[in-house]
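A.B. asks: First the structure, which I've put down as structure tokens, then a few questions once you've had a look.
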Amino acid sequence: MSSSFKHKTLNHTFITVIYLFLLVLVIPWYWPENDARQFYGFPFWALASLGVLFLTSVFTAMLCLQNAESACEKVG
Amino acid sequence: MRESRVSNLLPFGFGAWLFFSAYLCSLLLLGWLGRKARKEDSLQDFYLAGRGFSFFVLFLTLYATQYSGNTVFGVTGASYRLGFPWLISVHYMLAIIVFMRTYAFKLQTLARSRNYVTPVDYLKDRFHSRLLATISSIVMIVALSNYLLAQLMTMGRALQGLAGPAGDIAYNYGVISLALIMVIYGTLGGLRAIAWTDVIQGSVLFVGFFVLLLLVINQFGPLSIATETIAKASDLDKLERPNSSMLREWLSYIFLVGIGGALYPQFIQRIYSARTTQGLRQSFAVMAFMPFITALIAVIIGIYALAYIPGLEGAATDQALSSILRIVQEQSLFGYALVVLIFSAVLAALMSTADSAMLSISSMFIKDIYGVHIRPNASEQELTRLGKRCSWIVVGLLSLLAILLKEQTSLIGLLDRKFDLLVQLAPAFMLGIHWSGLRTGPVLIGLVLGIIIALTLAFGPFSFVVAGKVWGFHPGLYGLAVNLSYAILGSRWLARRENFDPI
């Protein structure tokens, strides 16, 4: 197993773990169901979910702007 | 004569019609310019614009294509029905970009070096199976026809909502006139013309959504008052955190729409048409933030409509946005002028998505079905010419269907079935591009199993299927689970058997 293959696998695992972590938080299962409090018209649970979603956008944009390692890979 | 009859139906004056006419004529002009700019009479030039899209055009064409009539009317309508729990629409719009990122950049490099035109060209190259390619083409054509039908129906509803009591006639006018303009510029200039119109449409949509939000806040006051109004009307479930059943639906929508949307043929063809991978990456990076300034605004508008225009039910909820616009436009001349701009943005969202779907359908039908099974020796010129005729026939038939089905179903219902089918292509595209061990046989059988499971659960008479979902999850995801498992386990089993083969 080459070091570049190991590095790539680790990289993909790290990205998947981060996305799964964000997925767990973006669905507001942890928020009390009957909480009707709001901030500027947005329920608190909605703001929490949108906040995590924004982090997901930032993470995705960062990944997109990374230098292409896949551009010269062979087709699967 | 026809113009004056339409004017009588809609609450727009001469100036507004002049603006719409200028806008629609500009689309036709771009179609003609796109035809003039063609470099050769080939499928690659017509359907991929010669693979010359830079970051700016690519971003706006992706944006205008992703945010459709469903975003504008469907999301607003669903937010009206469900309240804040429909924030999931913002999430699934981002999920599309997340899942596209998993395979788009590698596919773009391959497409450029191997001259892919349709999504199925990649499958032919990767799996060397005519049957797999044909089934995949049919899945994509059926799913996209469903999508195009939804866009045409929304075109009708866009006018219906503004027309008040004369809505039925306005619906028919909306479908026919907008479909006609779309098919003219689309068949004149191909993807080049469509992308150029997307630049205008994407810009108008971008500005229009901001203006819409400001206009609604100015008209009705801050969002906090709207949510208080909803709370006073005892609609607390529309403000509270989704219940556990709805949370499962959230998870289901993130995967179903995320994966299915990432496999839209028109998106894949835009990936092919990128000039460089760098430009594609930059476009995706910006697209990752678009749900916040498009889908989120659509949800907020739905909340305002729920607070201030109560009483809409069923398919009428998809007219929540039109009803809001109608109120705003009656208040002041300035409001009227801005509604004209927003209505143009709505038309932009509808037409930019529908034209892309139309072009993808015709390219797949002509290259993957006609060019393979009916006339394998047809020249590129012949296929391009037939592709244009195919666009006219498809749009004509679907426009007729849109008029016949106008009261049949709500937009979100149409949206669900399309993704149930498209997600079944995920193993072939998203896994197949990275894993060389994925075999053709298991992928083909997995695809067929996935489609059968998804359609049986969706349309079968099962008591455990509630509102088209099983325990909150869409049928397509159950099909995908079996499909993916079969593809992976089958490929591993084949590899092991070959390794132990004594011969």
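Indices start at 1 and increase along the chain as displayed.
The backbone N, Cα and C atoms fix where each Cβ goes, and this holds for glycine too.
Heads up, TrEMBL stuff is auto-annotated, nobody curated it.
These came from TrEMBL, pasted as-is:
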TRANSMEM  B:12-34  transmembrane segment
TRANSMEM  B:46-64  transmembrane segment
TRANSMEM  B:84-104  transmembrane segment
TRANSMEM  B:131-149  transmembrane segment
TRANSMEM  B:169-188  transmembrane segment
TRANSMEM  B:195-217  transmembrane segment
TRANSMEM  B:250-272  transmembrane segment
TRANSMEM  B:284-309  transmembrane segment
TRANSMEM  B:333-354  transmembrane segment
TRANSMEM  B:392-415  transmembrane segment
TRANSMEM  B:421-438  transmembrane segment
TRANSMEM  B:476-495  transmembrane segment
A.B. asks: State the residues, same chain only, that lie 6 or more residues beyond the ends of the transmembrane segment (B:84-104) and have a CB under 8 A from a CB inside it; answer 'none' if no residue qualifies.
C.D. replies: 66-67, 71, 75, 78, 238-242, 246, 249-250, 253-259, 261-262, 267, 271, 280, 284, 287-288, 290-292, 294-296, 298-299, 302-303, 429-430, 433-434
A.B. asks: Looking only at the recorded stretches B:169-188, B:195-217, B:250-272, B:284-309, which one has the largest tally of CB-CB distances under 8 Å to the transmembrane segment (B:46-64)?
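C.D. replies: Selected stretch: B:195-217, with the most Cβ pairs under 8 Å.
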A.B. asks: So, taking each listed stretch (B:12-34, B:131-149, B:250-272, B:421-438) in turn and counting its Cβ pairs to the transmembrane segment (B:169-188) that are under 8 angstroms, which one gives the highest count?
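C.D. replies: Ranking B:12-34, B:131-149, B:250-272, B:421-438 by Cβ pairs under 8 Å to the transmembrane segment (B:169-188) puts B:12-34 first.
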A.B. asks: Are the transmembrane segment (B:476-495) and the transmembrane segment (B:250-272) close enough that 3 or more Cβ pairs fall under 8 Å, when only pairs 6 or more apart in sequence count?
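C.D. replies: Yes, the transmembrane segment (B:250-272) contacts the transmembrane segment (B:476-495).
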A.B. asks: Quickly jot the same-chain residues contacting the transmembrane segment (B:284-309) by Cβ under 8 Å, restricted to those at least six beyond its ends, or write none.
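C.D. replies: Tertiary neighbours of the transmembrane segment (B:284-309) are 59, 62-63, 66-67, 71-72, 75-80, 83-84, 86-87, 89-91, 93-94, 97-98, 100-101, 104, 205-206, 209-210, 212-213, 216, 220, 223, 225-227, 229-230, 233, 235, 238, 320-321, 323-324, 327.
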